[in-house]
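Novice: Please see the structure below; I have some questions.
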Amino acid sequence: MSMSSDEVNFLVYRYLQESGFQHSAFTFGIESHIDQSNINGSVVPPGALVSVLQKGVQYVESEATVTEEGNLLDDSELDQLSLIDAVLPDVVSSRHSLISNRIIKPEVPAVNDLLNASGDGYMHVNSVPQDVTDCDPVMMDNGSQKALILKGHGSEVFVCSWNPTQDLLATGSGDGTARLWSINDSGLPVVPIILEHKAKDLQENHTSAVTNLDVTSLEWNCDGTYLASGSYDGCARIWNPEGQLIATLKEHKAPLFAIKWNKKGNYLVSAGVDKACIVWEANTWEIKQQFVFHLDPTLDVDWQNSTCFASCSTDKNVHICKIGLDKPFKTFRGHTAEINTIKWDPTGTYLASCSDDMSIKIWSLKHDFCIQDLQGHKKEIYTISWSPGKTGSPSQTPSTLLASGSYDTTVRLWDMEKGTCIHTFTKHFEPVTSLSFSPDGKYLASGSFDKHVHIWSIQSGNLVHTFQGNGSVYEVEWSPKGDKLAACFSSSMVCVLDVRSL
């Protein structure tokens, strides 16, 4: 057996990424010099470290069930070894002693039918089969809900984004590609268009590893003519719906964590580890303005309108910047730990921020301090989402309903004006990573490391649908028409749920 420290470090690094510890992964990658290794990350499958550990534990278990003569001992009445037990010599030797007097013959396990043939062209299952082949779209029927399984990515799928004008889903993965999936009326997609993020023409002052091309962020502009993707190589890339690379934006010097179009689609802002927020002008793809005011990596950005945006950072601050001004015209302070996500409500009146300090704060440009401090979560809060509210009319009013998802495994619905929690959803049993309201605001979708996508009724607070995948859920997003829900998984799978019958 051959094993190097670089290989161990790389698997630990990938495990941190797959488990959602993006900031820890970045720090570990720098300290262990991942960028200097010759390991091709695109060929390493998801869950590699856990898989190797599981096989090691199985080997230890098997070792304890074989005598020196080669006879197989019966351990069927014993609990499986835990990972910690497997490295304790006393536990392993005791296990061997307990079963050493029982010799059995190996049995061939019965083969179970995992899928029920229904004759209607669908698979009727309660969860995703583990052997769906790559690039082989599969339609599944789980009760009244159909699920389209899209396979093809070679690594975990971090992000997704629906085109606002057509049923075209963009997905971004750790395999260094984004993919465009056209979902037609028959429910079967065409062959996906692969958008390769190639490590070429990078500037010499890039500090990130050009071998890491993870796609970390995706967003379509307002009319669906351009897709922007952010990558771990520090580049933003612009694509058209046909998959053609329009431009590569290379000013950043470290991985990108966020990329957002403004409401008109004439400006794009990108932000990442180099602490900078850069506004790019559409069509020319030239830099309009740089904003470098955070003291630590920038984690998220969000536009208030067409010229003003907010940014948050691990430095615990929120800056409000405007194109044309040479410094932030407002800085919100109050969080005591890094701020993970910020979101303006649909009218741009209120800004919500969530943090590792277990709080959500609501800000207004009319005040210097938060106008609401929402407390209740017991662990870090990773994601927030505003209800769509009433938008598109002159008399529109700010949405007062906000959802939050936490590492305490719960989802909470808040009345922002009253500062009270309306519902606490407790069906997840691992950290909640993503939230998305349906366009009509009637439903909320949540995704978790527990492999489940839950859909909740806002009016009743009831769980109305559940889908179980075969890996951690990284992102969920409703389609603009509200008839489909996309979910991205760590297993390299993408799922599109037909939710018209909710």
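Each position is counted from 1, following the chain as shown.
Each Cβ is built from the backbone N, Cα and C atoms, and glycine gets one as well.
Quick paste of what TrEMBL says about this protein:
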REPEAT    150-184  repeat 'WD'
REPEAT    215-240  repeat 'WD'
REPEAT    249-290  repeat 'WD'
REPEAT    332-366  repeat 'WD'
REPEAT    374-424  repeat 'WD'
REPEAT    425-466  repeat 'WD'
Novice: Let me know the model's mean pLDDT on the repeat 'WD' (374-424).
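Specialist: Looking only at the repeat 'WD' (374-424), pLDDT averages out to 87.
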Novice: Grab the same-chain neighbours of the repeat 'WD' (425-466) for me: Cβ-Cβ under 8 Å, and only residues 6 or more beyond its ends, written as numbers and ranges.
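Specialist: Here the qualifying positions are 19-20, 145, 379, 382-389, 401, 403-413, 472-478, 480-482, 485, 487, 489, 495, 497, 499, 502.
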Novice: The repeat 'WD' (150-184): which same-chain residues, six or more beyond its ends, come within Cβ distance under 8 Å?
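Specialist: The answer is 17-18, 41-46, 132-138, 190, 192-197, 213-220, 222-224, 227, 229, 231, 239, 241, 243, 471, 474-475, 477-480, 484, 486-496.
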Novice: Can you work out which residues elsewhere in the same chain, 6+ from the ends of the repeat 'WD' (215-240), have a Cβ less than 8 Å from its Cβ atoms?
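Specialist: Long-range Cβ neighbours of the repeat 'WD' (215-240): 158-166, 168, 170-174, 176-178, 180, 195, 197, 199, 202, 206, 208-209, 246-250, 252-261, 263-265, 268, 270, 272, 274, 280, 282, 285.
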Novice: Taking DSSP states H, G and I as helix and E and B as strand, how many residues of the repeat 'WD' (332-366) are helix, strand and coil?
Specialist: 0 helix, 17 strand, 18 coil
Novice: Helix, strand, coil: count each for the residues of the repeat 'WD' (249-290), based on DSSP.
Specialist: 0 helix, 22 strand, 20 coil
